[in-house]
Amino acid sequence: MAGDSEQTLQNHQQPNGGEPFLIGVSGGTASGKSSVCAKIVQLLGQNEVDYRQKQVVILSQDSFYRVLTSEQKAKALKGQFNFDHPDAFDNELILKTLKEITEGKTVQIPVYDFVSHSRKEETVTVYPADVVLFEGILAFYSQEVRDLFQMKLFVDTDADTRLSRRVLRDISERGRDLEQILSQYITFVKPAFEEFCLPTKKYADVIIPRGADNLVAINLIVQHIQDILNGGPSKRQTNGCLNGYTPSRKRQASESSSRPH
């Protein structure tokens, strides 16, 4: 399928007169959001494309953590700062950046250092693309941001799986110890998921149980994106229906999967 997708993307004209198609991807911590996005990009044949010419790009909400004060940074280094709260993100910059993307502008994305809990001086340049995937635990929390997405995906993975993934990730990639990870999870991550992330699941057009392992759902999404890129009949028709999947069928599929809590 990847080969066919790559050929399709190479031949298409930019949809809707150049306006990019924004897709929001939400879900709990370590639910597989970035893996789902990476799988979509892979199946669309974009992995080997030069970054200046990519037609599908991924942005992460994690890049937009606020610059912390000295006091906040000291708490963060002890695992006592809540990075899962909406106020932890620079929401004004997120909104400004996404609006500029919808206008077809080249944007500069911050780079966040999860070891030192600080924003680096360098930025990443993102050039105009046809499809932009924006993933994050609170991607749907702000209505202003949420309303910019033409398609909204929620990655629904059970709590035990998410916790085990987070432990492995934070130890190997972020230099944390197990005690700190578990304390932070119980104190901040789990309560924030239940209060801020899980309630936004209702805004999703498509719910993806089991994340990147759910190839059936991902292939349907890829097919829909291909239709959008080619200006097909399903272009921008995502609210309530995706390739024949109605809202009621969507909910039934999500209810049959494991709930996070």
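Numbers here mean position along the shown chain, with the first residue as 1.
Backbone N, Cα and C atoms are what each Cβ position is placed from, and that goes for glycine too.
The compositional bias 'Polar residues' annotation in Swiss-Prot covers 1-16.
For 1-24 (among others), the entry in Swiss-Prot reads region 'Disordered'.
Marked as N-acetylalanine by Swiss-Prot on the basis of a large-scale study or a structure entry: Ala2.
Residues or ranges marked as ATP binding site by Swiss-Prot: Gly27, Gly28, Thr29, Ala30, Ser31, Gly32, Lys33, Ser34, Ser35, Asp213. The Cβ of Ser31 (ATP binding site) has 30 other Cβ atoms within 10 Å, all protein chains considered.
Remark: His117 (substrate binding site) has Leu68, Lys73, Ala76, Leu77, Phe81 as non-local neighbours, by Cβ distance under 8 Å and separation of at least 6 in sequence. According to Swiss-Prot, the feature substrate binding site maps to Asp84, Tyr112, His117, Arg166, Arg176, Gln184.
The region 'Disordered' annotation in Swiss-Prot covers 236-261 (among others).
The phosphoserine annotation in Swiss-Prot covers Ser254.
Cα of Ser35 (ATP binding site) to Cα of Gln184 (substrate binding site): a distance of 23 Å.
Within the set of binding-site residues Gly27, Thr29, Lys33, the entry lying nearest in space to Arg176 (substrate binding site) is Thr29 (CA atoms). Of Asp84, Tyr112, Arg166, Gln184, all annotated as binding-site residues, the residue with the shortest Cα distance to Ser31 (ATP binding site) is Arg166.
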